[in-house]
Amino acid sequence: MLKVLIPTIMLFPTIWLASPKWLWTTATAQSLFIALVSLSWLKWTLDTGWTASSAYFGTDPLSTPLLVLTCWLLPLMILASQNHINPEPVNRQRLYIALLASLQTFLIMAFGATEIIMFYIMFEATLIPTLIIITRWGNQNERLNAGVYFLFYTLAGSLPLLVSLLLLQQSTGTLSMLVLLNSEPMLVNSWGHKIWWAGCLIAFLVKMPLYGVHLWLPKAHVEAPVAGSMVLAAVLLKLGGYGMMRIMVVLDPLSKQLIYPFLVLALWGIIMTGLMCLRQTDLKSLIAYSSVGHMGLVAGGILIQTPWGFSGAIILMVAHGLASSALFCLANTSYERTHSRTMILARGMQMIFPLTAVWWFMANLANLAMPPLPNLMGELMIITALFNWSPWTIALTGAGTLITASYSLYMFLTSQRGQTPNHAINLSPFHSREHLLITLHLAPMALLVAKPELMWGWCY
């Protein structure tokens, strides 16, 4: 654990002491080194257990894929942000990279925590750098409104969780995941315990987000700079899914009766957000709503609490993190050239940037879960687990899959095909940096096709 956490903390002196000329190079090189070191976490023995590095930190096969994803994303965020942060004063550039590094530090400590209260504190700490990135470096005036939505939705969901955790500590005497994993289920049936159950889950469902409490996400995504969108889509939403997986162990007997309204919302959300995507004109908004639909499927897989559901959820979380982050990078490259996120104004780009059209096509295929990509594997496992739980769910999940394919193709055809508009002149060519960036998103997905057990080793 410390082999990654200490170099991440050492990024701060690197960022503030590096010469302005070499600032981006050194930050990217060190973060890429951290990402490569984190890959060593993927080598575990197949007896599913914790590898604890101290009393409060440890990794297990559930947190490892998300930890590696977090570390992999920092160099990509730094690469993606270079163009639009470069014109700013050097100290502001340093602050921006330092905020990204602090976000990675909090996320590593959240995914690596063995105490639930430690996880909660880090879960809340990620709010601060994300909020600053959105409200300081966002594109439009509405960024303050988006920041307020983001902050208050998350806080309103998180405060009941804090009270619920304190009550859990009072009744069991511990909040260690290692101990709670083996504790007796709480056989309780009063109204107070049902409210406690909801308090434990609502914070994570808001973070995922569940359809109905998702309004903060499209606003935050549309207003955030590219790195903010990337980290929100790829890792911060996964905090919600990870937290649900951890807390469901404790909530067991009550969950059998109480999951129905949440499950209905999650599955209905897949259809509704898919239909919203078909009506979007804003490119980033479309990608943001597609994230809500995918995370609804993840929430469904986690709520039914079967090994297949859990495995599918972790695979889909990792695969969706890479695919949606790649789409946000591509949307940003288009925005930097045309200065518009409206798809109809930035259409026909295939004629000007043919290689980029290939990246768009591959990222869209990943988003619509094309075989043999891990997105399909995750979706199929969750859909199968839900069908086994109740055959009626196939109507919602099947329709959701069809709509996902429709809006992914709609996004590709609108942005890449057709006649290039007359105002699209004097567009700067693509840089190797941007091709490298998309390659580093799509290459891990190709590798996971070859070795999927890296993501689902915990269910052996």
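Each residue, glycine too, has its Cβ placed from N, Cα and C.
Quick look at what TrEMBL annotates:
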- 1-110: domain 'NADH:ubiquinone oxidoreductase chain 4 N-terminal' (DOMAIN)
- 21-42: transmembrane segment (TRANSMEM)
- 62-81: transmembrane segment (TRANSMEM)
- 93-111: transmembrane segment (TRANSMEM)
- 113-403: domain 'NADH:quinone oxidoreductase/Mrp antiporter transmembrane' (DOMAIN)
- 117-134: transmembrane segment (TRANSMEM)
- 146-168: transmembrane segment (TRANSMEM)
- 195-217: transmembrane segment (TRANSMEM)
- 224-245: transmembrane segment (TRANSMEM)
- 257-278: transmembrane segment (TRANSMEM)
- 285-304: transmembrane segment (TRANSMEM)
- 310-330: transmembrane segment (TRANSMEM)
- 351-369: transmembrane segment (TRANSMEM)
- 389-413: transmembrane segment (TRANSMEM)
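Here the transmembrane segment (224-245) has long-range neighbours at 62-63, 66, 69-70, 73, 76-78, 80-81, 84-85, 96, 100, 103, 107, 110-111, 119, 123, 126, 130, 133-134, 137-139, 143, 146, 201, 203-209, 217, 284, 287-288, 291, 295, 298-299, 302-303, 310, 313-314, 317-318, 320-322, 324-325, 328-329, 332, meaning same-chain residues at least 6 beyond its ends whose C-beta is under 8 angstroms from one of its own. For the domain 'NADH:ubiquinone oxidoreductase chain 4 N-terminal' (1-110), residue counts in helix, strand and coil come to 81 helix, 5 strand, 24 coil, using DSSP. Residues 123, 146, 149-150, 153-154, 156-158, 160-161, 163-165, 167-168, 232, 236-237, 239-241, 243-244, 247, 250-251, 254-255, 258, 262, 265-266, 268-270, 272-273, 288, 291-292, 295-296, 298-299 of the same chain lie 6+ residues outside the transmembrane segment (195-217) yet bring a C-beta within less than 8 angstroms of a C-beta in it. The transmembrane segment (389-413) shares the most Cβ pairs under 8 Å with 257-278, out of the stretches 21-42, 117-134, 146-168, 257-278, 285-304. Taking every listed stretch (117-134, 146-168, 285-304, 310-330) in turn, the largest tally of C-beta pairs under 8 A with the transmembrane segment (257-278) is reached by 285-304.
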